[in-house]
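Features as listed in TrEMBL:
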{"type": "REGION", "residues": "1-28", "note": "region 'Disordered'"}
{"type": "DOMAIN", "residues": "35-185", "note": "domain 'Casparian strip membrane protein'"}
{"type": "TRANSMEM", "residues": "40-59", "note": "transmembrane segment"}
{"type": "TRANSMEM", "residues": "86-113", "note": "transmembrane segment"}
{"type": "TRANSMEM", "residues": "125-151", "note": "transmembrane segment"}
{"type": "TRANSMEM", "residues": "171-196", "note": "transmembrane segment"}
Amino acid sequence: MASTENPDPETGKSEPIPASATPPPPPSAASFLDCRKIDVIIRVLLFSATLTALIVMVTSDQTEMTQLPGVSSPAPVSAEFNDSPAFIFFVVALVVVSFYALMSTLVSISLLLKPEFTARVSVYLASLDMVMLGILASATGTAGGVAYIALKGNEEVGWNKICNVYDKFCRYIATSLALSLFATLLLLVLSICSALSKRTP
């Protein structure tokens, strides 16, 4: 029907109510499934970004002939991520977040098959998303600070730049940091979506 009947308190007669005044129907199951599919896609992207950043970071080592103080001839010197505690922390964070992204993707896919568990599991996923966001953001910022010193150096404390010698090493680190920043943004989107879904009546 295009309208409903509403009795007038003065005349006692029924007046039609336009269809536009009727309350909107509840959200359909299709829209719910679309939200879950988007969540799965974001988590797949998160896993891909963190895994790629991890692979790039651990393969960033480079060896160059370098003149060392007190040595008459140049000697081979390697630059590796495990030379810096900040880069080690960054790699560990990528391992943790990459593993979490894989597990949460599998959980999110299972929720498409069993939506009755969505409300309970979503609370845990939202909390873990924020934890992973904090871990990855702090690791990315820490590694980025060390990478900036490697690129520019710091004359005030006598730290020399090394990217003019270890160009491949620095390129790999920059690529890994860019992928990690992208993954951080994906985690931020997941956290925001979780918060908005909780506030939606």
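Just so you know, glycine gets a Cβ as well, placed from its N, Cα and C.
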Within-chain partners of the transmembrane segment (125-151) [C-beta distance under 8 Å, separation at least 6 from its ends]: 50, 84, 86-87, 89-90, 92-94, 96-97, 100-101, 104, 107-108, 159, 161-163, 166, 170, 173-174, 177, 180-181, 183-184, 187-188, 190-191, 194-195, 198
Sequence-remote partners of the transmembrane segment (86-113) [C-beta within less than 8 Å, at least six residues beyond its ends]: 33, 36-37, 39-40, 43-44, 46-47, 50-51, 53-54, 57-58, 121-122, 125, 128-129, 132, 135-136, 138-140, 142-143, 145-146, 173, 176, 180, 183, 187
Long-range environment of the transmembrane segment (40-59) - Cβ separation under 8 angstroms, sequence gap at least 6: 81, 87, 90-91, 94-95, 97-98, 101-102, 104-105, 108-109, 112, 136, 172-173, 175-177, 179-180, 182-183, 186-187, 189-190
